[in-house]
């Protein structure tokens, strides 16, 4: 074995591979091999079957290693073996000295160790090296290997993304593939290998063994297959990761490893199969060569490997069968390539597409198995309710889930879900989520199946039944031997005509990656040549950047990353840091935080002086050095939900209810606490909580099990769900069960099941509880009078009457409130109240239970205590209300609103091309709604952790968000991700604007509280102009007449684009009270007017642009206590404020006619201050309120 040397004359080339350490030359010992590699073990792994001298030359071969250190960090080895004839001057034959021993060939091994699993690439490199070594003399071997190692060590590892690196290695062109994203593994192997070795059913069984963390041993007569096949299975399960010992190749001397008592995944030569099977207990033995799975002898009678959930397994098998796994069939119609490079490129392209299809297929399997996990997570308290999750699984799948849920793999998976990591699993879950699931994810009501869900269940049940009749699902534990080798089966595509649709493999065509060819390295051991190579590398990267389209930030980021690395190798630390800093505005996901931190720590005094000349760079440096303190505070624990064992005060009770997943809203939980503690000490004992929890879950389970005939479902809307069923009662419509949905009451008739509508909640006129006499007994009766029917509905509900009376009145009041306020969220809240009433009555089961439940009758009491009807003008103008805080414990203030029109962009899915409403909530949270249906489009994502001050659509592909933390975050509207940040401001970003009337603006203007104004080029994200105002307090800016109008509180300054002051409107010149300040302003160019609002004033002031020195006109706003925002909509100015509405403080909007300068309308629909306003194409106006309400109202524009 010749590739490892203790002494090296040159600086560490391996630094490229792992990017470890600062750019200074490390200690000599660190240069030889990557840290963590055991040099004593490596030789036996290079010859895992032992060293054997051969009598004739053997075929060259390669195998692959995975080396794990004590901390779990992996390095990867590719070993090439070849044989050379033995040359020895002291070899005697027939009593004479001979230079060569006849028929004696000695094995040699060359091992390349890398921090990354470049299996195919390094195999190609070693193939080229062996072509040099085999014919050369012994004394030439070392020089060739040194040259080879030095050259490899100068090749950088490509950053995550679409850019692959290409370099020449003698006769072959080598491609180093990049990982798809920073979270994904590097894939430089053929993912279809296991599918050639095992039938799909066996693949599923092996995946189950890995998911349940068994003790697994792979066997093969081919050492190379052991690593490649096991690594493929690891890739199949991404983002779930194997957490236990992973040793794909055990040498003959390491066989005792299989006696380890913990979970592991190892690989042995097939020669040791019988030995391992007899000696070790409790092992899963996987024979790659035969495509079979067996178990070590002592466990044959006690196999406990569960089956994958049936529907997911069937879908996976059908998709695998539809894959084209054989390149020969794909290329049968093609001419033979006469160019080696072209032939390899074609094969690589085919493999890339197949790998992508396999990844999609296995990822869909994982999503179908684990998608519903998120429904049983509490993110605030980091709790997973495993028991409730299991109850939602089919009985036949319980064994599978019970075993998987207890594994380290699943625990790590849960952490990622609770951290809201947007990995491949989360992205596919989002992409394949139905509209119904998106909507339901935001509702407060507990899980109840909708009519649409019930219908899909029935159809899927019929489909499964049909599948069972057509083809019996094989028992995945069935390991009957002998088996036909899968390689002998048909090579043609399986006919999947009967299982198309969701079962067919996705027709994924991956985008062709970009490639960058690394310059030639002629003499890698000569320092001058290495310096020339680095200089040439930088020059080529700089040239490539010049030819990029301005908006191609994806590729620009990769070039910047690579150039930064080369600068580091040259010792140009400041240039490297500047390139890395530019990743913030091109693609922050690939920013190498650890590398930059080590670089900063190694900077010399002159380099620090240079860095201090660049304020933006110094800010980056300070952020990097401070990050470890933030990371240490990260809480990543996961708790399983457990019932409490101690008495609970309100705070602890609220936490427990939220953890249970019953309800999150703090105000509702407070009322629930009052209900459960009526007439007793204000604390809840564990038994009461347990009874309440069980009662709630039982009614939830009953609702899941309600069987509705098709005839009944046809009368209901697709999003309706049956939330409560009475017992069988006598009514004036017949005998049956009264059913309640969120929209109506109906009678589910007995005998032949049928549907008789009682009433929708909207049409109810009166609900009364009375009694009726029957056989001298007075029976409690519920009477409901309906607007469109003469006959009053009567139901003899007996003991259920009081509860149903409460529930129907609450739903009726909730529906009336929803209609009056045009806010469907009230219906969801009323439904939650109703179901909690039901659970409270079931829990207490006492004479006072109804009174206790009445504490939850929130909307009914509200309607009785005060009229809730909105003013007529408000009702005429209000179109709809939405709640961005739905699903949160407390309402959150709506800080900023932005409407973006819909575009049919090729990069966007058709269903996502609708207009959108962006709502910025507290702490950098942004929620996006579909502005055509006002349903949730994207659950909240974060842009920093500070308050958002402003948003603007810079072009059709990106939304810019200005934050209190001085950063401008750029959101990609297609991926809904924030991969770019602009950090040129040093204080809070207060406004962002573009030129009015431009569909594709070329510039964005930003300003910050310290008075800095920047002009950004949208394509390049470079600052093209900047100026500093003479004073701070800058809150907003407007463009007009080639001037920039700036509101600084004390004045409104008109600035020329060169930064010089053109004109100024000072507040002290217009008001005697100098304690006031400008809050907001608008320019009306057609009227040549400036409209402004001032702190503490209930008036809007209007100046003429022709002469700002003239006193302003005033528009008084009646009952206004403070103004917060204003916007111009056509010939109106809308002013958002806080004022008196119906005698109480509320959010108010004043609509002022810009020509007559009079208030046309006063709109009152918010319970808290109107904090923000935005216009939707001048057809609608949207308003957002403060944290007491946290809702958005949609108003009809004039």
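Glycine residues also receive a Cβ, built from the backbone N, Cα and C atoms like all the rest.
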From 1-28, 29-56, the residue range that Swiss-Prot assigns the feature region 'Disordered': 1-28
Chain-internal residues near residue 858 (phosphotyrosine), provided their CB is under 8 angstroms and they sit 6+ positions away: 668, 671, 810, 829, 830, 833
Spatial neighbours of the repeat 'WD 7' (1158-1197) far in sequence, C-beta under 8 Å, 6+ residues away: 821, 823, 825, 870-871, 873-874, 876-885, 890-899, 901, 915, 917, 919, 921-922, 931, 934, 1115, 1117-1119, 1122, 1124-1127, 1129-1130, 1132, 1134, 1136-1138, 1141-1142, 1146-1152
Per-state residue totals over the domain 'dDENN' (320-424) - DSSP helix, strand, coil: 72 helix, 4 strand, 29 coil
Same-chain residue ranges lying at least 6 outside the repeat 'WD 5' (1065-1105) that approach it to Cβ under 8 Å: 1033, 1035-1036, 1038, 1040-1041, 1045, 1047-1054, 1111-1117, 1120-1128, 1133, 1135, 1139, 1150, 1152, 1154-1155, 1157
Per-state residue totals over the repeat 'WD 7' (1158-1197) - DSSP helix, strand, coil: 0 helix, 27 strand, 13 coil
Collapsed DSSP category at residue 858 (phosphotyrosine): helix
